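S.K.: Quick one: the structure is below, and I'll ask about it shortly.
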Amino acid sequence: MFSSLWKEKKEESSRTMEMLLTLVLFCILLQPARVSSTSQGIDQGYIDSNAGRTLQQEQDGNHQIHCSRERSRAAQKIIQEYLMPFVEKEKYHISRSCKFHPDNDLYRDQEQHKSHININEWQCGYCKKIFYEEKYLDQHFDNRHSNLLNLNQSQCLADLCGALHCDIEINSGLKKSKCNPAAAARNKHLCESLADSCFPVNDGPAASRLHEFFLHQFCDAHSCTGSRKPFSRGRRKKTNAFYIVASILLLMLLLLYYLYIYLYQRGMKRETQLLRRITQTGRKKKPS
Ligand SMILES: [Zn+2]
């Protein structure tokens, strides 16, 4: 009786000892991870410590930029997809005074220095550091390369979001919020002023056509009563070079496969014919 109780106690104490040991081991294992995450300092989500090139830059958090990067990006995407293909088709040159001019995007240079290498790899084009999410690269730009922003001349594209329907781009899939007549009127006004400044009607037939197009594509939908939808004139059809090359390769592979099967079957037919001939001549020879 006593011995069994003692045995149980002993087992229990050894179990607690085991648990304690694993806890200590766990803490020791965690220690270096914690050190590395603090040593990363300001660059969160940073993968490669062996950057090929390092830019020495002072961390100046003094720049207070009140321009949403996400909304600017959405606006830029809309401009590139729903406007520029039509402007290029007309061979029209947007003037510097138009807010859609590439130089008027505050984040243009930074966005151009962004490379999406892999699903989980975003590289900074200035210092070659790699991050595993785009938001960390954005933070890195804000912290390390904010002095590269052209603050003197550039404008905030996010300011045009009301006119360009950025919310549709950002919240695609979400249910549309209730229409506010005052906001719709404000956005329509902004939209029409953009059409006037970017595509002045007296600037020739191309500008006049683009002015008309812009009103249909972006401005008509700013109304709570009308049933017009934004981007009614469609978007640029994307022809990805990669898909073209891949489909050509696939087609060639398929052709090769069928050619192989055809030749194989022809070879088989010939072989059987030859065999038949041999057996026939064999049979003919036998009686003699
Ligand atoms: Zn960098």
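Any Cβ shown, glycine's included, is placed from N, Cα and C.
In TrEMBL, annotation is done automatically, which means it is predicted and not curated.
Sharing the feature lines straight out of TrEMBL:
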SIGNAL    1-37  signal peptide
DOMAIN    124-145  domain 'C2H2-type'
TRANSMEM  241-263  transmembrane segment
S.K.: Mind tallying the domain 'C2H2-type' (124-145) by DSSP state, helix then strand then coil?
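M.R.: Each residue of the domain 'C2H2-type' (124-145) counted once, the result is 11 helix, 3 strand, 8 coil.
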S.K.: What mean pLDDT score does the domain 'C2H2-type' (124-145) have in the model?
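M.R.: Value for the domain 'C2H2-type' (124-145), mean pLDDT as a whole number: 94.
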